[in-house]
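Comments concern the structure below.
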Amino acid sequence: MATTILNHPLIEHKLTIMRNKETGTKEFRQNLDEIAMLMAYEVTKGLPLKNIEIVTPICPMTGKQLVRPIILVPILRAGLGLVEGFKTIIPTAKVGHIGMARNEETLEPEEYYAKFPACLDEADVIVVDPMLATGGSACAALQNIKKRGAKYIKLACLVAAPEGIEMIEKNHPDVDLIVAALDEKLNEKGYIVPGLGDAGDRLFGTDD
Ligand code: PRP
Ligand code: URA
């Protein structure tokens, strides 16, 4: 499967506002919400369709319908910031949640919460998280979602480091990865450079 870097002018403009450390919680959230809508359009481009017969006011025709239902899966917490925007574009989407946190002793990401709609195995699953840094959280989340039966999976991230992309491509070659912006590198604390800082803290105002 493929990795796509969007490099979309509107997204880059809005992302620059988010990256600015002077940007406060309200504007940060608003821009993430707007970017999520643009990303939803791009992420769903390749979804499979089937033919259905309908009748327009003029004549019968063969129309198109999505083959599978769509399930959004935000990785908690910061992934929640992308959900409303995606739901605006895909209002019928169901939402599953997965919480990943790093164990301070093992340094491995561990799942601390999970709740999914029943049809995970039949759905197009779009996992969302603004940040793909080392790739550890997303990689573990994908593994756990697959264990629960998900088969058709896309991972959508706002900002990625090369290390995170490599991790997903190596461990989940069957997952389509869509990234809005590819940054330079990780710093010694595992933050994306130049990045936008701690996405969850900036989104929920826990960075004071
Ligand atoms: C952030 C982000 C990703 C993870 C990326 O979450 O939302 O889930 O870090 O880092 P990684 O690629 O190195 O795993 P964080 O762990 O800060 O939790 P939060 O969303 O609750 O703030
Ligand atoms: N998590 C974040 O929120 N930001 C980073 O830069 C890396 C991990």
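Residue numbers in this text run from 1 along the chain shown.
Cβ atoms are placed via backbone N, Cα and C, with glycine included.
Taken from TrEMBL, the feature domain 'Phosphoribosyltransferase' applies to 6-206. Annotation source TrEMBL lists 5-phospho-alpha-D-ribose 1-diphosphate binding site at R77, R102, D129, P130, M131, L132, A133, T134, G135, G136, S137, D198. Marked as uracil binding site by TrEMBL: I192, G197, D198, A199.
Sequence features, as recorded in TrEMBL, placed on the structure.
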{"residue": "R77", "record": "5-phospho-alpha-D-ribose 1-diphosphate binding site", "DSSP class": "coil"}
{"residue": "D129", "record": "5-phospho-alpha-D-ribose 1-diphosphate binding site", "DSSP class": "strand"}
{"residue": "G135", "record": "5-phospho-alpha-D-ribose 1-diphosphate binding site", "DSSP class": "coil"}
{"residue": "I192", "record": "uracil binding site", "DSSP class": "strand"}
{"residue": "G197", "record": "uracil binding site", "DSSP class": "coil"}
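Taking a Cβ cut-off of under 6 Å from any atom of ligand 1, the binding-site residues A133, S137, I192 reduce to A133, S137.
Counting Cβ atoms from all protein chains shown, M131 (5-phospho-alpha-D-ribose 1-diphosphate binding site) has 24 others lying within 10 Å of its own Cβ. Counting only residues at least six positions away in the same chain, the Cβ atoms of G99, G200, L203, F204 sit under 8 Å from the Cβ of R77 (5-phospho-alpha-D-ribose 1-diphosphate binding site).
For S137 (5-phospho-alpha-D-ribose 1-diphosphate binding site), the same-chain residues that are 6 or more apart in sequence and have a Cβ closer than 8 Å to its Cβ are I75, M100, R102, P109, D129. Among the binding-site residues D129, G135, S137, no residue is identified whose Cβ is positioned under 6 Å from ligand 2. A199 (uracil binding site) has its Cα within 10 Å of the Cα of these binding-site residues: M131, taken from M131, A133, G135.
Put simply, D198 (uracil binding site) is 11 Å from A133 (5-phospho-alpha-D-ribose 1-diphosphate binding site) when counted between their Cα atoms.
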